[in-house]
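Novice: Okay, so Swiss-Prot annotates it like this:
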{"type": "BINDING", "residues": "162-217", "note": "ATP binding site"}
{"type": "BINDING", "residues": "288, 301", "note": "Mg(2+) 1 binding site"}
{"type": "BINDING", "residues": "301, 303", "note": "Mg(2+) 2 binding site"}
{"type": "DOMAIN", "residues": "132-334", "note": "domain 'ATP-grasp'"}
């Protein structure tokens, strides 16, 4: 039986490129090589496409994907050279130029099936501000927030924010994931600095009310018929769950499934599925919730390309549901082909 080609795109232009490499390496080890041939392409910080490795069998634990330190410029290709008839693309890319609809639009122009949400849902979900406004419109609870856009009156924003929110306050770039650029502010001075830091990553800044809450996550899988997982909990040994804690210091553990009341489980899974459909989701996503001590549930964000490292919540959530990592990848490929066929049928 001939193998199907699975194209892995990794790296990318965003500050989350290191997470992308870790995720892609986990995917390349989890693939069922009885069914798939894996071809990998590294996208540099400057947006160049580099042809890297090809795997017909499971690589050793010591083998690493090529990155800036190991690639050769002679391997540079035109982006369109990744095209291969019958191949499915897994864009294991996080953040801007990865989850924001850019690479999805490129792959649609190439007429290649790809894993993950489409152009519209990717771009909406990537923007935390737009996502909040969509979710508010369908009645899904959100923590209180204000917005700052680069060029506006910063002092006026600070006055509005302090009139509506109380410390601690969290400040986030609107279009960034993996907790990149997020700060916790306890004073007006810290709030101003946090906004200025967020502006180095994006021109749109989300300013959120801090809440004392557990962080609970639900995995989603499907196209028209979406399935959700039992929730898992991020248990932190740090003040807040930032990039350093997630990927460098590894100061987190996970409880899967989370120890929460059944009524809360039902509420979270329902909110997750409704949010996924409202944003036009397909393929996969992960919904991140806050659960306060008094039982209030807030949907924090919907992540359209969650981390796929060996310690990432999304694949572990599905393993808890009985879907092993290799089978999860196979299901994602099937969903990608299904949505591609559906999209193509509408263009003929």
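The backbone N, Cα and C atoms fix where each Cβ goes, and this holds for glycine too.
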Novice: Just give me the nearest neighbour of residue 162 (ATP binding site) among the binding-site residues 288, 301, 303, Cα to Cα.
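Specialist: Nearest listed residue in space: 301.
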Novice: Quick one: of the binding-site residues 288, 301, 303, which has its CA closest to the CA of residue 204 (ATP binding site)?
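Specialist: Ranked by Cα distance from residue 204 (ATP binding site), first place goes to 301.
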Novice: Let me make sure I understand the structure: which of the binding-site residues listed (190, 288, 301) has the fewest other Cβ atoms within 10 A of its Cβ?
Specialist: 190
Novice: In whole Å, note down how far the CA of residue 190 (ATP binding site) lies from the CA of residue 303 (Mg(2+) 2 binding site).
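Specialist: Residue 190 (ATP binding site) has its Cα 27 Å from the Cα of residue 303 (Mg(2+) 2 binding site).
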Novice: Provide the number of Cβ atoms within 10 Å of the Cβ of residue 162 (ATP binding site), excluding the reference atom itself.
Specialist: 14
Novice: Between the Cα atoms of residue 301 (Mg(2+) 1 binding site) and residue 211 (ATP binding site), find the distance and write it as a whole number of Å.
Specialist: 15
Novice: Which whole-number mean pLDDT does the model give the domain 'ATP-grasp' (132-334)?
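Specialist: Average per-residue pLDDT within the domain 'ATP-grasp' (132-334): 93.
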Novice: Does anything in the same chain, at least 6 positions from residue 169 (ATP binding site), have a Cβ under 8 Å from its Cβ, and if so what?
Specialist: 161, 184, 185, 191, 194, 207, 208, 209, 210
Novice: Could you tell me the C-alpha distance between residue 183 (ATP binding site) and residue 288 (Mg(2+) 1 binding site) in angstrom, no decimals?
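Specialist: With the alpha carbons as reference points, the distance is 18 Å.
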Novice: Taking 10 A as the limit, how many CB atoms besides its own sit near the CB of residue 176 (ATP binding site)?
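Specialist: For residue 176 (ATP binding site), the count of other Cβ atoms within 10 Å is 23.
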Novice: With Cβ-Cβ distance below 8 Å and at least 6 positions apart along the chain, what are the contacts of residue 197 (ATP binding site)? List them in sequence order.
Specialist: 171, 181, 183
Novice: Among the binding-site residues listed here, 183, 303, which has the most company in the form of other Cβ atoms within 10 Å of its Cβ?
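Specialist: Of the binding-site residues 183, 303, the most buried by Cβ count within 10 Å is 303.
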